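Visitor: Dumping what Swiss-Prot says about this protein:
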- 69-74, 103-107, 127-128, Lys140, Lys149: NAD(+) binding site (BINDING)
- Glu182, His245, His262: Zn(2+) binding site (BINDING)
Amino acid sequence: MQTLKVDLGERSYPIHIGEGLLDQPELLAPHIHGRQVAIISNETVAPLYLERLTRSLAQFSVVSVVLPDGEAFKNWETLQLIFDGLLTARHDRRTTVIALGGGVIGDMAGFAAACYQRGVDFIQIPTTLLSQVDSSVGGKTGINHPLGKNMVGAFYQPNVVLIDTASLKTLPARELSAGLAEVIKYGLICDEPFLTWLEDNVDALRALDQTALTYAIERSCAAKAAVVGADEKETGVRATLNLGHTFGHAIETHMGYGVWLHGEAVAAGTVMALEMSARLGWISEQERDRGIRLFQRAGLPVIPPEEMTEADFLEHMAIDKKVIDGRLRLVLLRRMGEAVVTDDYPKEVLQATLGADYRALAQLKG
């Protein structure tokens, strides 16, 4: 087992990474301060792991709330089901909410914990690669709004993150690839040697090689923890973690939540960010193509939805958390391994990026 730390002073917390950690309740017990525990899961994950986790927490009074699965249910109506479960079970301020599932469950359970009786303890047990390397670390919680993704939420840090890599053995291949989009992101924004490692090991990752997966998760979480420790509330460097997300969130919102997986939209959105970075002369076309090839090898889409027009993108991108005083800030690559957040770009370059021939780029070999 590997343990990392998110350093936030008195609110610091550990990230435990290893195989079989669901069967080690001693990793969770120190972070549960009352008798009551509420496990929040979904209809896909609960049959696989809920009973096992409940057994390992036998010393506590455990209730569970099982939600419908999917991004389409990340909304007010589903959030109310969590509050209904907590109130029906008469859970008080010393309850601990545990998220058992992927990013949607983690975001909603965390937001519920932030709101319930003005804040209760919260634990993350992510079961998808995407949630293990990204959404479970850093305290971003929330729900979607019909007009924009993740526009309603709070920063609310967990007490501990428990990553059992064995849970990836039950993850569908499409979901695994979606998680690889966020892994690749770390190489692009801050760790070019990791990007090279990913190029050498992407096939092993897709084949569920436990050694490769554990290393990729550790390196991704270490990068995320360092950024969050330096900028918890995303006022500066943390925004670079959103590479591809402004374009990607536009895709998710326009196509309908859940039609494209988050990681799939991030992959296509990152290709657009690479294209814009190349058009600005910050990276070469060869470097852009390097990123595209890696996403393709990871089984991810690199062509945005062809039915989306430039106007569609601009409409959705105008409702983005990085918009400040009406200016759209974008995360782009100054070079491979170095990202910047900027609103200093010619409008014509953004327009050309939105209108680029991504189908032609996807055919490039090298």
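From the backbone N, Cα and C atoms, a Cβ is placed for every residue, glycine too.
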Visitor: Out of Glu182, His245, His262, the binding-site residues in the record, which is closest to Glu71 (NAD(+) binding site) when you go by Cα distance?
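Guide: So, spelling it out, the nearest of the binding-site residues is His262.
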Visitor: Just name the winner among Asp69, Ile105 (the binding-site residues) by count of other CB atoms within 10 A of its CB.
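Guide: Selected residue: Ile105.
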Visitor: In three-state terms from DSSP, label Asp69 (NAD(+) binding site) for me.
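Guide: For Asp69 (NAD(+) binding site) - judged by DSSP and reduced to three states - the answer is coil.
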Visitor: Looking at Cβ-Cβ distances, which residues of the chain lie under 8 angstroms from Gly103 (NAD(+) binding site) while being 6 or more apart from it?
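Guide: Same-chain residues close to Gly103 (NAD(+) binding site) (Cβ under 8 Å, separated by 6 or more) are Pro126, Thr128, Leu130, Ser131, Asp134, Ser135, Ser136, His262.
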Visitor: What is the interatomic distance between the Cα atoms of Phe73 (NAD(+) binding site) and His245 (Zn(2+) binding site), given in whole Å?
Guide: 20
Visitor: Hey, which of the binding-site residues Lys149, His262 is the loneliest by Cβ count within 10 Å?
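Guide: Comparing Cβ neighbour counts within 10 Å for the binding-site residues Lys149, His262 gives Lys149.
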Visitor: Please list residues from the chain of His245 (Zn(2+) binding site) whose Cβ is under 8 angstroms from its Cβ, counting only those at least six apart in sequence.
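Guide: The answer is Val266, Gly269, Val331.
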